[in-house]
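Asks: Before I ask anything, let me first share the structure, which is written out below as structure tokens.
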Amino acid sequence: MNSCQQKAMEKLLHGHGCANQLLIMDQTESDSSMEREDLAKSVLHCFSDALSILIDTNDHQDDQSNNSSPQDSSPVLESSRKPLHKRGRKTSMAESSDYHRHESSTPIYHDGFLWRKYGQKQIKESEYQRSYYKCAYTKDQNCEAKKQVQKIQHNPPLYSTTYFGQHICQLHQAYATFPIDTSDFEEHEGSHMIRFGHPNISFSSSTSNLRQHQNHQDRIKDEYMKPVIAEDWSPSQWMSSEVALAVEAFEFNPFWTSHDLSS
């Protein structure tokens, strides 16, 4: 027991003694009203002093905890900060308004873009792993487009492909809209597109609209992605710088005909 607690205890004991004396006077029917008043005041003062001591002691302990050194509190602060920071990284991509989610009966790997897988992990409350991809031109052309692929249902099979960001790489500048893989839409007409963050653009789940969209993209490919003559072809226009150097070293042109190769 520290000194403050000892003082408070002494005050309480003294007040308790005064209260007992006051009780005895009531039982003996003493006529000394002045003595009764003094004892009652003593009881109140003792209790007030004891309460003041206890309150001051509690306030002093709170001040010490608030003024503790950063070294003493750093483990607690770090442990409380890290989960918040980690949650921020996990939700930053999901909270982005510029993303599209597509569900289909088979995973979409060939969607008209070049991707590089950079991770795969098990997701909580899901028995299927999620794969993470980023644009193959992230370093060469600072394209930050990403996508996630995950199986979400076994029977019937259902896969979710989520796209984040927009492609800015030159290879895909011809694509003005979000690419859709319609290879299995003939057999699975229940596949549908969900798009967020662009209220002025809507995608219908009907097969006819999807076929029209695919035909539109085919025309874009024919117009923008094929050179008119073989001599106009340059590897640096269609692939990363490392691959382009290798192709140029072998003097290879994919648009040469058999006549060009034999001459």
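For all residues, glycine too, the Cβ spot is worked out from N, Cα and C.
Annotations per Swiss-Prot:
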- 104-174: DNA-binding region (DNA_BIND)
- 64-74: compositional bias 'Low complexity' (COMPBIAS)
- 59-104: region 'Disordered' (REGION)
Asks: Can you tell me how the residues of the DNA-binding region (104-174) break down into helix, strand and coil by DSSP?
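Replies: Tallied per class, the DNA-binding region (104-174) gives 7 helix, 31 strand, 33 coil.
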Asks: Mean pLDDT for the DNA-binding region (104-174), as a whole number?
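Replies: Here the predicted model's pLDDT, averaged over the DNA-binding region (104-174), is 85.
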